[in-house]
Amino acid sequence: MSQDLFHIGGKSLSSRLFIGTGKYSRNTLIPEVVEASGSEVITVALRRIDPASREENILTHIPPHMTLLPNTSGARTAEEAVRIARLARAAGMGNWVKIEVINDQKYLLPDNLETVKATEILAAEGFIVLPYMSPDLSAALRLRDVGAAAVMPLGAPIGSNRGLKTKELVGILIEEAGLPVIVDAGIGRPSEAAEAMEMGAAAVLLNTAIATARDPLLMAEAFRGAVASGRQAYLAGLGAVRNAAEASSPLTGFLSV
Amino acid sequence: MSFYDTLLKLESMPLGEQSGQYGRNDVERALSREKLDPEDLLALLSPAAVPYLEEMAQKAHRITRAHFGYAVQLFTPMYVADYCVNQCTYCSFSVEHDFARKKLTMEEVDREASAIAATGLRHILLLTGESRKDSPVSYVKECAGVLRRHFSSVSIEVNPLSLEEYRELAACGVDGLTMFQEVYDRETYARLHVKGPKRNFRARLDAPERGCQAGFRSVTIGALLGLSDWRREAFMTAMHARYLQDRYPGTEISIAPPRFRPYLGSFSPESDVTDRALVQIILAYRLFLPRSGLTLSTREPAALRDRLVHLGITKISAGVTTEVGGHTGGGGTPQFEISDERSVPEIREMLYRSGLQPVFKDWDILAEAPV
């Protein structure tokens, strides 16, 4: 089998596991998690970056080969997301950006309407925009039309580790959105990441499941394997699921005699 | 509609001593539920919940790790003025106390801010005594302008302001508001606040809502535990937080559970809030409001703070002084005695030792700089 690369934003990635940088007990774990996960894309909240702090600056812990995906976490409106994205680019963090517009501090559910607005502005400015969204087909199509490089529907609310609760809707996006679907948020177990990949997701992004595991490095490895397996299964073509068993002594066999 | 209307209705619930009517079944039901209602909260604050503290702690710990991971945000208060026009029976800044009052000049604010920023802190809470005459909105605004040069987030804890005044401050980069109700029990409130505009219970109670409406990113509320029955006060605080959270989903609502501390006067609290009670309060807050910030101040002793950080706390103060100009040797009168005098590096190390990550910067002010 030829190498199965994921092409996005002018880059070719061999790993389809995107990881986060939040919630760890110490930033020094990040390079080890990168290594164990095999991930090549890492999201980082611009609001947490403090260039003035040598010790606590999260960027100093991210290996140079990683593609940075600064996110607009903390933005409540399209306008705030756009300002954060521009700050990230001005700070030399490249032109990839994960749009997060959240105006709901209780469940942290994204605001699709504001997300479309921010995506349109930033895509026109040359950003590679990956918007975090609630899995809604109309919103996904609008995001595609205004220039998103992918859509990132949630599997379940951020940090919930509940898995692919939105499976049916994510499946529709995979079928219909016409651009890569990266499942983001909610995935708590490697089996759930594998399931998303088996369905045809282009990639998965997760943070809490690894950062809060008892052994984050072992969990990163587990997700690495699960994402690769799920992708392989998708490429192999899953067998049809039949409702009826194939009986060894058919009841209608006499008709062929 | 304001929380005041809700509060009037809540007063008919079995509060404080009456919460003894809750039993084991009520506590177990509350513990088994994901979304808690006011009855569940009362059960978790009741005497019946005491044997379940460990179970509550385990659940609170799990919820906190899922939502906040191992991150704990650091901040420090900065007192810029201690002039006050109120007579409150429990506070050093009360107008009845005779001491040399101070108010920092902008040069002094800048020097104080530089000293704090040099410790790595990026979140600051600006405090004044409550005097519109000596620390008016224009003064707070001027201070905020100076602080913005040093910090990525500036919050205020000042006397209640109007919606327009809050909007003015939010527009020039103040992004957080802390407003302690002190006491939710109206009778006690009237008794403890002897003179001054602070006697207006309702004006204070509605201030956090005005802050939400003005667009502050974060609003922190709380009762000064010890001034009245702690079960009742904790219940009202949590209900107030949920009220704000439901109506202003874009604002991060946090609760601080400060306990009464010695101060310049001789007032003794009527409700003893033991360590066990404080733990019960913090756990009930976390279970009732899974995504709310929980702030721990230096009113608590170091050894206790080291334990409480595992129970749901998401923000902690460090390198604290409660004197005006205290970070540059100002020598003012402390508002109250602190219990944990550790420096920022010491708190940072404590968090790392506890398996937690100190977050010095958790936001960047996006508002335009003030003119």
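Just so it is clear, glycine is given a Cβ too, placed from its N, Cα and C backbone atoms.
Now, the feature entries from TrEMBL:
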type	residues	note
ACT_SITE	A:Lys98	active site, schiff-base intermediate with DXP
BINDING	A:Gly159, A:Ala185, A:Gly186, A:Asn207, A:Thr208	1-deoxy-D-xylulose 5-phosphate binding site
DOMAIN	A:8-250	domain 'Thiazole synthase ThiG'
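A:Gly186 (1-deoxy-D-xylulose 5-phosphate binding site) sits 17 Å from A:Lys98 (active site, schiff-base intermediate with DXP), taking the C-alpha atoms as the reference points.
Rounded to a whole number, the distance between the Cα atoms of A:Lys98 (active site, schiff-base intermediate with DXP) and A:Gly159 (1-deoxy-D-xylulose 5-phosphate binding site) is 17 Å.
If you take the C-beta of A:Ala185 (1-deoxy-D-xylulose 5-phosphate binding site) and look for same-chain residues 6 or more apart in sequence within under 8 angstroms, you find A:Tyr132, A:Leu154, A:Gly155, A:Ala156, A:Pro157, A:Ile158, A:Gly159, A:Ser160, A:Leu205, A:Leu206.
Residues A:Gly20, A:Ala156, A:Pro157, A:Ile158, A:Ser160, A:Asn161, A:Ile187, A:Gly188, A:Leu206, A:Ala209 surround the recorded 1-deoxy-D-xylulose 5-phosphate site, their Cβ atoms falling within 8 Å of the Cβ centroid of A:Gly159, A:Ala185, A:Gly186, A:Asn207, A:Thr208, which are themselves excluded.
Packing around A:Gly186 (1-deoxy-D-xylulose 5-phosphate binding site) is summarised by its Cβ count: 25 other Cβ atoms lie within 10 angstroms of its Cβ, all protein chains included. In this view, the residue listed as 'active site, schiff-base intermediate with DXP' is surrounded by 27 other Cβ atoms within 10 Å of its Cβ, with every protein chain counted. Candidate recorded positions A:Lys98, A:Gly159, A:Ala185, A:Gly186, A:Thr208 yield A:Gly159, A:Thr208 as lying near chain B, with Cβ-Cβ distance under 8 angstroms. With A:Gly159, A:Ala185, A:Gly186, A:Asn207, A:Thr208 listed as the residues that bind 1-deoxy-D-xylulose 5-phosphate, the site has a largest C-alpha separation of 9 Å. Across the structure, A:Thr208 (1-deoxy-D-xylulose 5-phosphate binding site) and A:Lys98 (active site, schiff-base intermediate with DXP) are spaced 17 Å apart at their Cα atoms. A:Asn207 (1-deoxy-D-xylulose 5-phosphate binding site) sits 14 Å from A:Lys98 (active site, schiff-base intermediate with DXP), counting Cα to Cα. Each residue in the domain 'Thiazole synthase ThiG' (A:8-250) has a pLDDT score, and their mean in this model is 92.
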